Every structure is written in C-alpha cells, then in structure tokens.
Amino acid sequence: MAAAATLRLSAQGTVTFEDVAVNFTWEEWNLLSEAQRCLYRDVTLENLALISSLGCWCGVEDEAAPSKQSIYIQRETQVRTPMAGVSPKKAHPCEMCGPILGDILHVADHQGTHHKQKLHRCEAWGNKLYDSGNFHQHQNEHIGEKPYRGSVEEALFAKRCKLHVSGESSVFSESGKDFLPRSGLLQQEASHTGEKSNSKTECVSPIQCGGAHYSCGESMKHFSTKHILSQHQRLLTREECYVCCECGKSFSKYASLSNHQRVHTEKKHECGECGKSFSKYVSFSNHQRVHTEKKHECGECGKSFSKYVSFSNHQRVHTGKRPYECGECGKSFSKYASFSNHQRVHTEKKHYECGECGKSFSKYVSFSNHQRVHTGKRPYECGECGKSFSKYASFSNHQRVHTDKKHYECGECGKSFSQKSSLIQHQRFHTGEKPYGCEECGKSFSSEGHLRSHQRVHAGERPFKCGECVKSFSHKRSLVHHQRVHSGERPYQCGECGKSFSQKGNLVLHQRVHTGARPYECGECGKSFSSKGHLRNHQQIHTGDRLYECGECGKSFSHKGTLILHQRVHPRERSYGCGECGKSFSSIGHLRSHQRVHTGERPYECGECGKSFSHKRSLVHHQRMHTGERPYKCGDCGKSFNEKGHLRNHQRVHTTERPFKCGECGKCFSHKGNLILHQHGHTGERPYVCRECGKLFKKKSHLLVHQRIHNGEKPYACEACQKFFRNKYQLIAHQRVHTGERPYECNDCGKSFTHSSTFCVHKRIHTGEKPYECSECGKSFAESSSFTKHKRVHTGEKPYECSECGKSFAESSSLTKHKRVHTGEKPYKCEKCGKLFNKKSHLLVHQSSHWRKAI
C-alpha cells in the first residue's frame, strides 16, 4: 500500500496541497478493500473542498511562479522542493492528481484546485491551517482588532479569541467546539473554466469570470463545483447517509462513520485508576485529569473539578443562576450546551414526521428511535442477561452493570461502584448530607437530579404526557409506571408465589411478606414495620400529628387511608354513569366493573372447579382455596392469610388499633363492617328481610344463616361425631367439646368457656351489668336472647308454629319440645333404669324418685 505523503512545514510555517494529499498507483489501489476505497474518496473530496476555497490555480508559465510554487511533478510521482534556477515540469492539472484521483473526479469539476497558495498555521489554535487572507484576519482577532460587526457568530468569534489570548483556554477545551473563521470552511469562490491554452493564464476572480456554475435553491449561494454544492446542501438538510450498524447513529461522510466506529472497536488507552478505556489519546488524557487534577473545589458541597468551566457550571446549581435565556420562548438554562440544544427546537427543520402520532424530527436517527415507541421493537439485547432495549444509549449504559470494574467501595456498607461520583452520592445516605437546597421551600436533596425533579413541583411543569389519556407527569418514571395501567404490564414477578407487580418497589414490599423482614423500627416503642410508610403512620400515634386534612370540612386525620375513607362521606363528581341503574362512578374502570353486575359477565374462570368471577382479583383469591396458599403472614403470631386485607384486619388484634369511629356515640371498631353493623343499632336499620317469616337482619350473612332454619340446611359437619351445623362458628364451638379447649377464661373466678359470647355474658355476673332494658316494664337483662324472649310477653308474638297441628310458640326451644309429641322422640334416658323421656325436666323429676328410694 502506498505511503501517504507526510505533512511538511517550511521555514515560514506554510504547507501546500500535496502536503495534505495521498496518491496511489493502480497496483496499490487494487490492494485496497471497498471500505478503504470509500474512505480514501471521502477524505480526498474533503481536502479538495478545502483547497478550492483558497483561490485560483496560477499557470506555471508565470514568471513569478517558480518563487511561489513549492512542488513539481516527476515521473516517480515524488514531491520535492524545486532547486534554484530549475523550472517545474509543465503538467495538466488532472495529471497532478495521479491516476486514481483522475478517475474519481471529472476534470471540469476540480480544475484549479492545484493552486500554489501557501497555508499558514496558528499555533495558538492547535496548529490549524488558514489561507493568507483568513490567517491575517485571524491574527487580528488575537491582537484585539474587530474588522467586522453584525452577526452573533462574529461576536462570539472575537470574544473567543480574546479569551484564548488571555490564557483561559480551558473554556474552549471544555466546550470542545472548533473555531470557524469568518470566511467559512467552504468559501464560494469558483475555479478556472474553459480550456487551458499556451498563453499566459491570468488569475481572475471566479465571480467576475462567471465561473460559479452550481447554485443552491435553499440559500441562493453559488459554487464552482458540484461536490462543494453537495457538501453545502448536506449542511442545510443534515443528510445522513452512512449508518453505524452497532448503534444506529448516522453520518453524512464515510470518514466520520469510520472515525465513529472506533468507539465500538478500538479502545487502546486504558486508565490505570478506574479501568475505563478510550479510542483516542486526547480523550484518555482529558479523562486522567479526573483522577489527578481537581484544583477547583466547591465551597458549598465540597465537590472538586479539574476544569474551571465545569466548576463554574456546577456553582449555578447552588445559586440557581440561569444566564442563557431563549429569545423565542423565554426558557432559561444554566449551561450553554443545554441552551444550544434547546434552540434547535425553534430553528431546525423537521423533515421526518411520525405517521402514528404526528410528531416530527430533524434527524432520521431520532425519528427511527421514536418509531420503536409505537412498534415496541427492542433491537439491542444484552448477551449477559437477555434484557433488551430500544435505544443503543440505554443498552450501552446497561452493559456497564456486567462489564465495569467497581473500584470505589463504600467504607460503611461495602457496596462498590464503577464511578467515584456514584460513591460520593451513595455515601450521603449514610451521612445524611443534602447539599442541594430548593430556594422555594427550603427542602434539601442529596443529588442535583433529585433537586431538579423537585423544582418541577413549584413550576407546575409536567413535560411527560401520556398518549392514552392525556394525563401528564413531572417525571419520566412516573409516566412509565402510569402507562402500565393501560398496557397491563407487570414486569416484576415474585419468585415465591408468582404474583406480579408494575413497580419494583411494590415487589420489594411484597417479598417482605414471605421473608418476614421488618427493617423499619420505631425509636419510641421499638416496634418494627415492613415499610417506611407504615412506620410513619405508626409514629403519629406517639406525636399526635394529624397531617391529612379534608378539604371539604377541615377534619384532620393521622392516616391517609382514614382520610380517603372519610372523603366518601362528601359527594364527589362522578362523571361516569351507568345506563341501567343510573349509578355513577368516578372512573371508567369502576363503571366497567359495575356493568358486569347487569350483564352477568364473568370473564375470569377457575381452571380447577370451573367457577367464574367478574373480577380478576376475586379469581386469584378463590384459587388460593385450591392451592392452600396463604402468602400473607402475621409477624407477631405467625398466622397466615390468603388475602392482604384479612392480614391487616388481623394485625389490629395485636395493635389494638380501632380506626373506625362511630359519629353518634364515639365507639371505635377495628373493622369497618363492625362499625356499619353498630350504626344500624342507632338507626334501627335492618335492610335484610327473610321472605319466609319476615324477620329483619342487619347483615346479609345473618340472613343466609337464618334461612337455613327454614330449609333445614346444615352444611358444616363435625368429623368426630358427624353432627351437622348451620354455620361455621357453631361447628368451631362444637369441636371444642371434643378437644376440651376453653380459650376464654374469667379473671375474676377462673371459670373458662368455649364461646366468646358465653364468656361476655358470664362477665356481667361479676359486674352486674344488664344492658338490655324493656321499655314496657323497665325490666333489664344481661343477655340479648333473654331480652328478646321477654318482649314477646308484651307483644304476644309467637313466631314458631308447628307444621303438624298449627300450634304456635314464643320460643324455638318450646317448638322443638312440642314436636316430640308428634314424633314420639324421647332423647333423655335415665341411667339407673333406662327409662326414656321427651323432656329434660321430666327426666329430672324421674331421677329424684331414685334418690328418695336411696335415702
């Protein structure tokens, strides 16, 4: 492969076109690959575009030419400095290009590019090349002259030169922007036109000789070659033809693409401190300053910086200064880069419009990335864990989880990080340091990002909008979480029970149900909780704070849940009405669920027994009956439950919490259902009526149990004696006869009982309490059943009728005894003589005769 012509500097600091050009022979050209040929073509065209902006090529017969020219052509295509007194060999301009370049460009498209005007280097600006006019103009900027006024770019140019001369070069090394002279990289000067004759060639202005053949329709500018016009149009349209297959980024030149691809392939320079590698030495050298040079330290938070401009930008976080304001919309920014990026919103043409949502983009890459929002395409998959991403940047950040070395370890908890800044931010959790304060409310934060997010609360800014329901959010993560409501996505699954969640935080909280972890401990009483929210709610018991106030009536509550329950008392706007019954709801989801009552739709079917349900959560709860799963465990007594609500209700037994208070008498209850039942006592409301006997009940469950008296149903069987019972509680109480269990013990006399109701009645013997008073005669009773029987004395009510003879009775026990007359049943047997009786009282009278005989 041919060696590239090396860059040569003369004593005067000038270079020529051949110093920056590369020539190949046909033999060498055939050894190049297609990609290398494309790269050579683009680099050559760029060089020609640069040289074409420096003026016309003067003929070699000019008497002054030998003193001005720096090269002449030999047969061996070597480039040499001419000797004194020797004229250069005449050559057609195209012959000077070599055999390969002649095939790349047409003669008419690049005549005049082989000029011999000298290029000058500016050492202050990194040895950049300028022609004579631009070089002298550029030097004027260093010495402070201002030969022109007007545009913002010109003012910035003069300002930057002053800053550069004054020694503040770090400003420009930080920004990374190249200096562009007033004349521009691509000047619109034309080259020679027409045929070359033997007569002396004059160097004339291309505008004067009419050499600008190519015009741009957008900017009305004129160019001498088609290639320069093409480059100019790319700047206007930002045409990006070459796409990187690794990350999807596109470029207008193959050379730019080739340089970019080194990011993915070549990383020769590795940092010994943190292991990070770079493809360019300049980037590597700049990075090393992070570890070595940090001269500028922030007095507010102690953070240090290697560059003054970074330090200056950082200080605006504490001061809140935003010096860069957009003239279009008034939005202000603390960094020039952010301001510059924002201005593109107003200036850039957006040629690429999305057919789905109408959003438009100025770059094809941005348009392509956006379309993946609609298609759901995630082309970048991690080879380590299989996770996929829609954007290469997200994929690249994720890969650091697997690849990055974590050199920075926390001395408190041992957690390690790949970046020192991440370690510093993490350590603030241990120290409690919050250096970033909000000027509006005084609240402070541990990171700048958290402060920015918080400030949107004051500004009312909600830049993240949901495409489904037009709801907007101040944080992107809130939008992502919200969108899962529409999509139904629950990406976080519990490995223990298979339950899935839309947010990772909810999964972490749920997993503590299985592990029993309670990491949040109350400093007052030592009680621990599984979530920080539960701890905060509990602490309000000690402080007496009532942070949640009702906006309607001003009543305050210590728990948010209690406030929500209270707010149901006040009528709310219910914009979703049911067409069947007129009932209204606050959300369309609640309306849809309600409509299944009318349609009878039960879309969720159990695979075990075929039973169907109208709600998915009802199916999940039902399926636990088959599996026996009880995922919710009480941390105090170890008892497990199949529903979270049942666990919450149970935990009030240990905490003695009674959040449901009666507004009439002030009595508190641990369950809302008990409060509702209690309130029926004040109102006398008994909404559930038995169709058989007309009896009224407060609860539907009580009605169902009562109806079994009429239909004779007894679904609960005792496995020990095969006796059947109407309800579950009767069975449980009966089973204690076999086990001998008497869990309710009286502290006064030591007597124990199998039923809580019997125990409560017994306690009234010691206290003398008789809460049930007859309004007719003033007689009081300790038991409600005795009071009910007594009232029938005044009313004459006899609800229990014999189906055989029609006789009625005031008590069910009297009816049971009477029925034995018809059936002949005699259940009471004398153990002495074996005689049978239909009443217990008859048995007792009979047994007394045996006792008298014995006496």
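Yeah, the Cβs are placed from backbone N, Cα and C, and that goes for glycine too.
What Swiss-Prot records for Lys335, Lys391 is SUMO2 cross-link. Residues or ranges marked as domain 'KRAB' in Swiss-Prot: 15-91. Residues annotated as zinc finger in Swiss-Prot, with sequence analysis given as evidence: 120-142, 242-264, 269-291, 296-318, 408-430, 436-458, 492-514, 576-598, 660-682, 688-710, 716-738, 800-822 (among others).
Same-chain neighbours of the zinc finger (660-682): 565, 649, 652-653, 698-699, counting only residues six or more beyond its ends whose CB sits under 8 Å from a CB of the stretch. Other Cβ atoms within 10 Å of the Cβ of Lys335 (SUMO2 cross-link), summed over all protein chains shown, number 15. In sequence order, Asn369, Arg372, Tyr380 make up the list of same-chain residues 6 or more apart from Lys391 (SUMO2 cross-link) whose Cβ falls under 8 Å from its Cβ. Highlighted: of the candidate stretches 408-430, 436-458, 716-738, 716-738 has the greatest count of Cβ pairs under 8 Å to the zinc finger (688-710). Mean pLDDT for the zinc finger (436-458) in this predicted model: 81. With DSSP states grouped into helix (H, G, I), strand (E, B) and coil, the zinc finger (576-598) comes out at 11 helix, 4 strand, 8 coil.
Outside the zinc finger (716-738), and at least 6 residues removed from its termini, the chain residues within Cβ reach (under 8 Å) are 705, 708-709, 754-755. Taken through DSSP, the zinc finger (492-514) splits into 11 helix, 4 strand, 8 coil.
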